[in-house]
Amino acid sequence: MIAVIGSNNVDIVLRVQHFTLPGETQKSSELLLFPGGKGANQAVASKRLGAEVYFLSCIGNDANGQFISRKLKAEGLGEHLITVNMPNGVAIIEVTHSGENRIVIYPGANSQLNEELLNSKSDELLKADFLLLQNEIPFKTVLAAAKLFKNAGKFVIFDPAPATEINVEISKYVDIITPNEEEARAMVNNNASTNDLVDNLLKIGFRNVLLKLGSKGGVFKGKLGYFEFQAFKVAAMDSTAAGDAFNGALAAALNRNMDIEKAVRFASAAAAISVTRKGAQPSLPYLEEVTSFLSEV
């Protein structure tokens, strides 16, 4: 089983010609409303790829929270949502016609996912073998969850998104950290080359670093080995959930006992499929789609 402790958001997506400049007003050609949030996205990604998933998250006591609850229940992930007395998290997303995105987040109810709630669910959560974490809930909770699972002998995957400086203590409790280039630079605070970024994260104490480089693929280095990987070539429409599709698929693949290189290839295929579709959770593929995609490349 995979445990996911993280955020959920209502995504308000605006399709634009270009990212809006300071002081500029531009018209959007399309307005879309989707369920999202990095935690929920990764939980849905793993679930659709055949994994048993326990998703712990806080939702708001408003219409947006009800919307998220309905959507996650439809995915089989609504059982462990905790309603709190504040608005649900919201993300405002600009998506250009080339598929690039820019996101502003209001955390809302996600800010209430604290250590007390984590500890109250610890017995159930620790039935999982893998933990997926992201950076859209309070970092104290992220750190406590990583520590709880690692001390219980579980496998911990941490996606340090959105980009921010973090307490390097978490490196002691993480098996694989999966930053993109921006997130890696935020952690090591320098303008190093790609290889140096990975090495700097390893020097901090992370066991394995999987650096995601978007359409250029990525690099994996650490105790589980070293390899570079290429991204699959597809016509991108919306990259909003690409990283979440990747991480959810990575956990699902490792949960199925794939070796790390095969798991990364599987995750890359899931991410490639997701960028060809609109929205976050609606873009996340099912197991048969990833299997079919890999059989054709």
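Just so it is clear, glycine is given a Cβ too, placed from its N, Cα and C backbone atoms.
Whatever TrEMBL says is automated annotation, not expert-curated.
TrEMBL lists D244 with the feature active site, proton acceptor. In the three-state DSSP assignment, the secondary structure recorded for D244 (active site, proton acceptor) is helix. Cβ neighbour count for D244 (active site, proton acceptor): 32 (other Cβ atoms within 10 Å of its Cβ, all protein chains included).
The substrate binding site feature in TrEMBL is assigned to N9, V10, D11, G37, K38, G39, A40, N41, E136, D244. Under DSSP, E136 (substrate binding site) is assigned to coil, being neither helix nor strand in the three-state scheme.
Every protein chain considered, the tally of other Cβ atoms within 10 Å of the Cβ of N180 (ATP binding site) stands at 20. Annotation source TrEMBL lists ATP binding site at N180, K212, L213, G214, S215, K216, G217, G243, D244.
Per TrEMBL, the feature K(+) binding site maps to D238, T240, S274, R277, G279, S283. Using a 10 Å Cβ-Cβ cutoff, R277 (K(+) binding site) registers 17 neighbours.
If you look up TrEMBL, you'll see 2-285 marked as domain 'Carbohydrate kinase PfkB'.
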Going along the chain, which residues six or more apart from G279 (K(+) binding site) have their CB under 8 A from its CB?
D11, V13, L32, F34, G36, D238, T240, A241
Using a 10 Å radius around each Cβ and all protein chains in view, which of these binding-site residues has the most neighbours: N9, S215?
N9
Average the per-residue pLDDT over the domain 'Carbohydrate kinase PfkB' (2-285) and send me the rounded value.
94
